[in-house]
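Below is one structure, written out as structure tokens; comments come after it.
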Amino acid sequence: MKSDLEIAREAHLDPIEKVAARAGIDEKYLEPYGRGVAKVDLDVVTHNRDHSCGKYVVVTAMTPTPLGEGKTTTAVGLAQGLEKIGKHSVLALRQPSMGPTFGIKGGAAGAGYSQVLPMEKLNLHLTGDFHAIGAAHNLLAAMIDNHLHQGNELDIEPHSISWRRVVDINDRALRNTIVGLGSRVDGVPRETGFDITAASEVGVILSLATSLSDLRARLGRIVIGYNRSKEPVSAEDLHAAGSMAVILKDALKPNLLQTTENSPVLVHAGPFGNIATGNSSVIADRVGIGCGDYLLTEAGFGADMGAERFFNIKCRIGGMRPDAAVLVATVRALKTHAGRYKVIPGKPLPPAMLEDNPDDVLAGAANLRKHIEIVREFGVSPIVALNVFPTDHPDEIDAVRKVAEAAGAHFASSTHVVDGGDGAVDLAHAVVAACDHKADFRYTYDLEDSLVEKLTKVATKVYGADGIDIAPAAAKELAHFEDLGYGTFPVVIAKTHLSLSHDPSLKGAPTGWRLPVREVRAAVGAGYIYAICGDMRTMPGLGRHPAAERIDIDDNGETIGLF
């Protein structure tokens, strides 16, 4: 089979105006960025308000291996498969971060004959949204340090400042830094650091904002630290929010691209799935829901991560109710959850893992069953989509089917990587069938619940924990947040994506464990409280041999080695 890059280059790209027309978007709403990409004006949301009758389907997954299980690829294949059976679809995806693109994971444009095009633009700068997020974020950081240097009129306590700087590259050397070194004219020395841009609260705000005015208001509510009276200091207090909004004005508009079979794709925002909300934008979904029979929207990592935040946060803010959820599974992930194999990024799979062994599949099935249960807990119909690899065996595929159907889920195997939309026709039919059953959608918690109650409900109802253990400092901070009026915020639990628990070594569906909450923070602009459980890093590092070593450019200006 040809490489992803070869397939992407050989694919026929329709003019973006034609792709927009296929989605019912008039050319007057487009701002083209070359032949294959366009920004979509926000007026489309108003124009489509009376036509918002498409089915709303979230694409999530079982707990993945470190390699990922092909969720984006499956979402692309499904969009193409729906077109094959005469159902118009629009796909909404997050924009990939350049950090993982140059790291081990590589890009996030799909694979094989189920890719988003132009692939190179998508995996790199696209229309510059991430640069705008970084610029707005770092402008606020600069204004904080300038305020300290100019006399600190707001009486900010420097040690309370939580607003770090960001860059869209994996760079562990920047995790902890000291700024303001030099002479007195170079600022006030203090410890700080860098996060990756995908971890920025500004990026989360972009993904959750429902309008330009909402974006502006959320930016103003960002809390960067506290004054010496322990009162929050906001971006509005620093007079930074207006300039930040100006930088982000165009970034608020979704980006229109296409699949290898020319189906429309809206790519917008890219907050991380383990430490942030992990979903594409509310605005992109509002655009897409009025443009097709089915809107497919991808949520990061497993159903315990991005999908939980999709249901409890994104759907609340967007005011939309999902009709079904696609759970992507793989034979290799099921075998990993049997606890008998170790998958290491950058290394080949263990040879024994590729042998025909349905017993190993069944031994890891508890994880898939738990994710089906999670989706059903939200009152939504689950469809297990088995992303088939060439090394999978028929009786292993049949074992997955039996597990899924016994747990009350629809099931379809899919060969979309090799066969494009034709390989996802069965999956498309399964999604249509699931959407025919009216969902009884419900949230995990009420916003009126206390913050502790919300965290407990997510831990017990979604993850399967027996309860939560809150560190004394975290408990004190939660009480402080309640006093500040943040008690009605939804919650995000920042934890590993490699386990249903906080411990990446616990595979399957762990029982008899409690979730330790060691720290809590407030993302006031985005509008949620997040609890940190386990060792979570907001700035990744590069591996021994990152993908960046293999990427180059030839004499004709063609990229080499991007995947």
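If you go along the chain as it appears here, the first residue is 1 and each next one adds 1.
Cβ coordinates are placed from backbone N, Cα and C, and glycine is handled just like the others.
Sequence annotations record features per position, and here Swiss-Prot assigns ATP binding site to T65, P66, L67, G68, E69, G70, K71, T72.
Sequence features annotated in Swiss-Prot and their locations in the structure.
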residue: T65; record: ATP binding site; Cβ neighbours (10 Å): 21
residue: P66; record: ATP binding site; Cβ neighbours (10 Å): 15
residue: L67; record: ATP binding site; Cβ neighbours (10 Å): 18
residue: G68; record: ATP binding site; Cβ neighbours (10 Å): 20
residue: E69; record: ATP binding site; Cβ neighbours (10 Å): 26
residue: G70; record: ATP binding site; Cβ neighbours (10 Å): 27
residue: K71; record: ATP binding site; Cβ neighbours (10 Å): 27
residue: T72; record: ATP binding site; Cβ neighbours (10 Å): 25
Next item on the list: Could you name the residues, excluding T65, P66, L67, G68, E69, G70, K71, T72, of the same chain that surround the ATP site, i.e. Cβ within 8 Å of the Cβ centre of those residues, in sequence order?
Entry: A61, P64, T330, A333
